[in-house]
Amino acid sequence: MAGGIFSPLGSCSELEKANCHPLVCLLCHEPYQHPCLLDCYHNFCASCLRGRASDGRLRCPLCGHPTVVRGGTGLPPVDRLLQFLVDSSADGEEDVQCANCDRHCAKAELDTMYFCNTCGQPLCVPCREETHRAKMFARHEIVSLSKRTKDIHKKCSLHEEPYIMFSTEKKSMLCINCFRDMQGESRAHCIDIETAYMQGCQRLDQAVMAVKELQTSTCEAIVLLKAMIEEVRNSASEEEAAINSLFGRMQEQLSERKKTLLKAVQSQHEEKEKAFKEQLAHLASLLPTLQVHLVTCSAFLSSANKAEFLDLGYQLMERLQRIVKLPHRLRPAQTSKINSEYRAEFARCLEPLLMLSPRRSVVGSAGGIGPVITGTNMLPGGQCSKTLMVPGCPPAGDRMSAGPMVRKPTMHRYISTKVLLAEGCETPFTEHCRNYENTYRMLQTEIQGLKDQVQELHRDLTKHHSLIKTEIMSEILQKSLQMDVQIAAHYSAVEMMRSVFEEVWEETYQRVANEQEIYEAQLHDLLQLRQENSCLTTITKQIAPYVRSIAKVKERLEPR
């Protein structure tokens, strides 16, 4: 029976379509055979659950709730209540055969059958009237067949005496002997069978009412969830349609702006190329003239005597000086860089579609330009995206290796951080800012110390012409390299926290704007420090050969 049913049940719709008869197993769809009750109060046949336990736990095939199983069988205990209902249903449906005359009784005639509790055998009406009327069967207990399952439980299995009491403490029926064997305190919890039956029916009615209320609430919740699933499906369809529509319009706008930008690039290309070709033609015509005059000078010097040289030499010199003084365009009049500002143009063309706010820049007290929040950073409804565009700031992967960069407002970042910390709101970002400021001040102090040392060495070498020990230069260079590693590590640590902060930044834009400015300024301050340290390293490397050469000269001059 358990073969081929080791896959869990599907969705709720499959369960609704399945046979939900209370006495039929949901796995094998057959009447229960030794039904087992799980901790989630789902029942299954013992054979359907056999082999499913793992590490002492059995997961419900319907809801997945784990049940702890004990013993070697790997099965939960048998549900006696459900087994009673199954047996009662089977007794009412099976054909009954009289034990005396072997007469079969149809299901419609079960009410006319009897059962002898003393013999434990069913009897038909003729056999009861003829056979069990004899004196030898006078003490036999004969009841209706429909009542035999109820009457069979009236006697105590231990003392073979009829039940007369019920213990509300132990929830069990008692015969007279069981009642006598009980202690005096436990007897106070004993009531007669009829009273216990009435009280039990009342409590069962209360429990049934509670279950019916839960059933009603469950049905309402199912209806609500189905409606919400449908709403989610409709909302997803609407959102997809809106996304596709907006994306199509964005593509159209970007395509048009792309054509305009390509035309502008082509125009700049043609203009610059024309200017460079004109200058190239001028220089190309100048070069033969210069070569002719150089050859003329060489020939004149080799062939003219002193008198001829004094007669014609000054004329040649004046001609050469006039050639040199002519306005020759030796340097390019313009750069070869073609700049179309395509990022700003693309962002500007998308602003009307995305309902973006105008750009704004933060100018610090030092005159540096802060992070720029462009139109591409805002989503509909004022929600901030995860990308903050900063002028002159390359992508995160190329920032540490970037060349010249825009100076960020260190003082503005410092003041903004102080204001943020003074608000007293403890968030992951404020804790990060507090730790960042401590680390940044330590790095800044060490960089300033190295800067002072290099300036002093450079002054002693160039101004005072004093000798410098090579050990000092090596020490400064080593410290500078170590600082570079520390700054790079701190930058990577701050960069790795971007994803954590971006999740927080999406919640509210006003606070995000301030935090993003501080965060980007922090990264740029680290880049500034590293750039300064790189300059120090370059200067140190440039000075080092002179120091070594002076040291070698000093060694030669010293007496051996």
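Glycine is treated like the rest: Cβ placed from N, Cα and C.
If you check TrEMBL, you get these features:
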type: COILED; residues: 433-460; note: coiled coil
type: DOMAIN; residues: 25-63; note: domain 'RING-type'
type: DOMAIN; residues: 93-145; note: domain 'B box-type'
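Counting only same-chain residues 6+ beyond the ends of the coiled coil (433-460), those with a CB under 8 A from a CB of the stretch are 414, 417, 420-421, 466, 468, 472-473, 476, 479-480, 483, 486-487, 490, 494, 518, 522, 525-526, 529, 532-533, 536, 539-540, 543. Per DSSP, the secondary structure of the domain 'RING-type' (25-63) breaks down as 4 helix, 11 strand, 24 coil. Mean per-residue pLDDT, taken over the domain 'B box-type' (93-145), amounts to 72.
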